[in-house]
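Pulled from TrEMBL, these are the features on record:
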TRANSMEM  13-30  transmembrane segment
DOMAIN    46-255  domain 'Calcineurin-like phosphoesterase'
BINDING   52, 85, 88, 254  Fe cation 1 binding site
BINDING   85, 123, 217, 252  Fe cation 2 binding site
């Protein structure tokens, strides 16, 4: 009996290990992995968006987390979207880096925030062990954590396309200064990016969701410290326009921002104020309208139905700084 029990236990451990290996070593040029998240019984969906946060509670991270918990409870959120730069200054060092608990698990403790966190990597995450954040073992430490380089979240009325934007930026390759980036898994770079854009275009074209939302770390249109990311303007934006994406959500600029442009209906929404925020940087945007800009800390909420969207930006005190809403016609097919 003891032998049989130990044998079964060994088989169980082997299968778990094999599962982890399969996830960790999926070919990098495979189609985007897809997850599903149900909507509420009334057909609605609500979530929070926060970025650039992981500083062990410092720089008002804990205060932002507290207000997120309050808003999350009020809206009965379904999940949280993280726009990257999850751990400062240089990502995680290893899978069991205590920064994961100190900057995530023990900060976002509100009951309303105990929902899935769908997460992309930022440039600071690539300065550490980028693959540590992608390791499913982290979910043994905190089951909320869902982080891949690029993936799709199917939430019935909305599809979210999470993109790995850091490899697009030439500066990190051509002039990294004193930073070391973890480029494992994306070489050769041109092939990686070409396949990512091809898969995105295909998946967007096949999407029948009422709302199409793309999430990346770097801004496409921004009036903050970093401004527009030219590589994304040239390579990614044409795809978003062609496939009628509704929202592009990002971090990177440590601010809250809503930008719209006359050449497309895409709303560019920056939520990168989860902790340290720059208090002096503001650039006039010569191509687009800046509907809202806040240099302090804060976050964003999104509420969706089949026909309506409501975006709200909150500051570190929970005050509403900006609201925006939109409606679209509900088309029925015979």
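Even glycines carry a Cβ here, placed using N, Cα and C.
Note that this is a predicted model, so its numbers are computed, not measured.
Sequence features, as recorded in TrEMBL, placed on the structure.
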residue: 52; record: Fe cation 1 binding site; Cβ contacts under 8 Å, 6 or more apart: 83, 84, 85, 122, 251, 252, 254, 272, 273, 274, 275, 276
residue: 88; record: Fe cation 1 binding site; Cβ contacts under 8 Å, 6 or more apart: 54, 55, 103, 124, 275, 276
residue: 123; record: Fe cation 2 binding site; Cβ contacts under 8 Å, 6 or more apart: 84, 85, 166, 169, 172, 181, 217, 218, 252
What mean pLDDT score does the domain 'Calcineurin-like phosphoesterase' (46-255) have in the model?
97
